[in-house]
């Protein structure tokens, strides 16, 4: 309702239906989700294989060859690293950054280890090894800052401060739902739940599925591997970090300077920097409305880790004045 003002009841009903459709199946309306079985994704976010879905000017992704929008790039496959990330973050730095991860009160005690991180990181070409030393350090700081926010056990008066308590949690707290969305491409396994696990708290079958395929693990049938195998756990987070989800760039490309904002990005104040990474991860809830405590928590971790690694945070670290990547999508389809 906040996008357009309608006075006629019929217009309100049309908007309601469009909103329901816009988040239904694929494309920018569904966070970059892809259609199963080779079907086309229409401009309105539905999957199909007729001209209404695949025809020129009617298809936004997974389109037939020929004129039309470019399909979403494939998920990057982990490969040999072009350098050694241990030159950027040592074991002692890792322990200093995640100082209280092994506290007795932390659910993830003794799970997140330096060796597991290094093993996982070396499986992804370019992670922590792209660009000059400044860019490499910022990527490591940004990755651990965002994942520390997702797994934090800190509070304002915590020993050593709230930003020394990243990686305290391993599984989503409370009584989470199954996070199963009907999908022929990534079907949920009987009895399995796809709630948040690991450093990035990966959720939903449509994330566990492609992540597992990329790292060589059947996470649809065994999602808890993300919470029982530390290398797999770190790989799930790095996979998310390295993977673009249209219309969003990858976190990796943003922090390493490989992403160039479009005119629409610039108009939305989405400029290169740590703030865009927060926008990628949770911009729909946290960005675009001024100061937000969750955003400030992410920034607090980032500043601390940059200090430990000996690098400046760079520009545009907040997203309070940025529009989320999903804002305005309804207008673009009308």
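Count begins at 1; order follows the chain as displayed.
Quick reminder: no glycine exception, Cβ is built from N, Cα and C everywhere.
Residues or ranges marked as signal peptide by Swiss-Prot: 1-23.
The domain 'Chitin-binding type-1' annotation in Swiss-Prot covers 24-65 and is backed by sequence analysis.
Residue 26 (disulfide bond) falls outside any helix or strand according to DSSP and counts as coil. When other Cβ atoms within 10 Å of the Cβ of residue 26 (disulfide bond) are tallied across all protein chains shown, the result is 26. As annotated by Swiss-Prot, disulfide bond applies to 26-41 (among others), with the evidence given as sequence analysis.
Look at Swiss-Prot and you will find 35-47 (among others) tagged as disulfide bond.
The disulfide bond annotation in Swiss-Prot covers 40-54 (among others) and rests on sequence analysis. Cβ neighbours within 10 Å of residue 40 (disulfide bond), excluding its own Cβ and spanning all shown chains: 26.
Of all Cβ atoms in the shown protein chains, 20 besides its own fall within 10 Å of the Cβ of residue 63 (disulfide bond). According to Swiss-Prot, the disulfide bond annotation covers 59-63 (among others).
Among the features that Swiss-Prot reports, 4-hydroxyproline is placed at 73 (among others), with the record citing similarity to another entry.
Residues annotated as 4-hydroxyproline in Swiss-Prot: 74 (among others).
Per Swiss-Prot, 4-hydroxyproline is recorded for 76 (among others).
If you look up Swiss-Prot, you'll see 106-168 (among others) marked as disulfide bond, on the strength of sequence analysis. Close to residue 168 (disulfide bond) in the fold, though at least 6 residues off in sequence, lie 100, 101, 103, 105, 106, 107, 108, 151, 152, 153, 154, each with a CB less than 8 Å from its CB.
The active site, proton donor annotation in Swiss-Prot covers 150. When Cβ atoms from all protein chains are considered, those within 10 Å of residue 150 (active site, proton donor) total 21, not counting its own.
Less than 8 angstroms from the CB of residue 188 (disulfide bond) sit 178, 180, 181, 194, 205, 220, each of them six or more residues away in the same chain. According to Swiss-Prot, the disulfide bond annotation covers 180-188 (among others).
Residues or ranges marked as disulfide bond in Swiss-Prot: 287-319 (among others). Around the Cβ of residue 319 (disulfide bond), the same chain contributes 275, 276, 278, 279, 283, 286, 287, 288, 295, each under 8 angstroms and 6 or more positions distant in sequence.
Taking the Cβ of residue 41 (disulfide bond) as centre and 10 Å as the limit, one finds 29 other Cβ atoms among all the protein chains shown. Within the model, the domain 'Chitin-binding type-1' (24-65) carries an average pLDDT of 69. A 10 Å radius around the C-alpha of residue 40 (disulfide bond) takes in these recorded positions out of 26, 59, 63, 150, in sequence order: 26, 59, 63. Across the fold, the C-alpha of residue 41 (disulfide bond) and the C-alpha of residue 59 (disulfide bond) stand 6 Å from each other.
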